[in-house]
Amino acid sequence: MRIVLITGISGSGKSVALNALEDAGYYCVDNLPPHVLPELARYLAQDGQRRLAVAIDARSSASLDEMPGLIRELSREHDVRVLFLNASTQALIQRFSETRRRHPLSGSRSHDADVGLLSSLEEAIERERELVAPLAEFGHQIDTSTLRANALRTWVKRFIEQKNNDLMVMFESFGFKRGVPLDADLMFDVRALPNPYYDHQLRPLTGLDQPVIAFLDALPIVHQMIDDIHAFLMKWLPHFRDDNRSYLTVAIGCTGGQHRSVFIAETLAARLARDANVIVRHRDAPVDVDASSRLVSEVDRP
């Protein structure tokens, strides 16, 4: 059975992700107590169910300590994938304000006796980060701070299409002026490269458009940086695998996240697709949903 566990911070899009999996034919359960999960998996497997998605959040805090052991146990018999959704505190506060929903931990008792009840939304968010932090290392993290619901649904569908027998690498382009991604394991700054933005004909385009590709592809310094990053990844990927890492997010940043970082993320993704499962995501580039988050398939490989 394939089991997808969705966890992370409240307001980061867990319900959207769960709904996307339900549309994809998964048997979905929201806020399941972790200790019930093995029994549910056995029951559904006996009943012929082959796909299960479960959302787990801080309301299950009493059982969260059990999750690492449960994930290891389930992985012996099932294809288990963990998706950890995150977002900046500012983005979460804005979402809760817009929806007028109450945070699950608002009004709960703080772990610090001197603080007492968690009176503010920001306190509740930070407390939840502490509670679910141990689960982040088991899952593929994605920062939804700037991600719209339809883009998240598309990304989740791409995520479950990947084979689960090897390290999954996500190349994520972004713009430093919009903040660094929270989900990055490795980050490379490509702002030292010539910027197509200063060519007025290229300014409205992205690193996916042929004129921008031609501009950057003609520069030896661009290929030098790509070669250096690729060499670094090829050297260290075996060590990430040996460390039992299932997911690795490689963030590529330029000023606006529209030209250089997009081109380099695409180029590196195509190269590395020979050696790992690869997803590419463009966080800040003005591209359509399918282009902003997609698998790198055989046809993309040089």
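Along the chain as shown, the residues are counted starting at 1.
Just so it is clear, glycine is given a Cβ too, placed from its N, Cα and C backbone atoms.
Reduced to three states, the DSSP call for S12 (ATP binding site) is coil. Long-range Cβ contacts of S12 (ATP binding site) within its own chain (separation 6+, distance under 8 Å): L85, N86, A87, L92, T144. Residues annotated as ATP binding site in Swiss-Prot: G8, I9, S10, G11, S12, G13, K14, S15.
Residues or ranges marked as GTP binding site in Swiss-Prot: D57, A58, R59, S60. In the structure as shown, the Cβ atom of A58 (GTP binding site) sits within 10 Å of 22 other Cβ atoms. DSSP assigns A58 (GTP binding site) to a helix.
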Problem set entry | Most Cβ neighbours inside 10 Å, all chains, among the binding-site residues G8, S10, G11, S15, D57 | G8
For this session: List the other residues in this chain whose Cβ sits within 8 Å of the Cβ centroid of the ATP site residues G8, I9, S10, G11, S12, G13, K14, S15, in sequence order.
Result: D57, L85, A87, T144
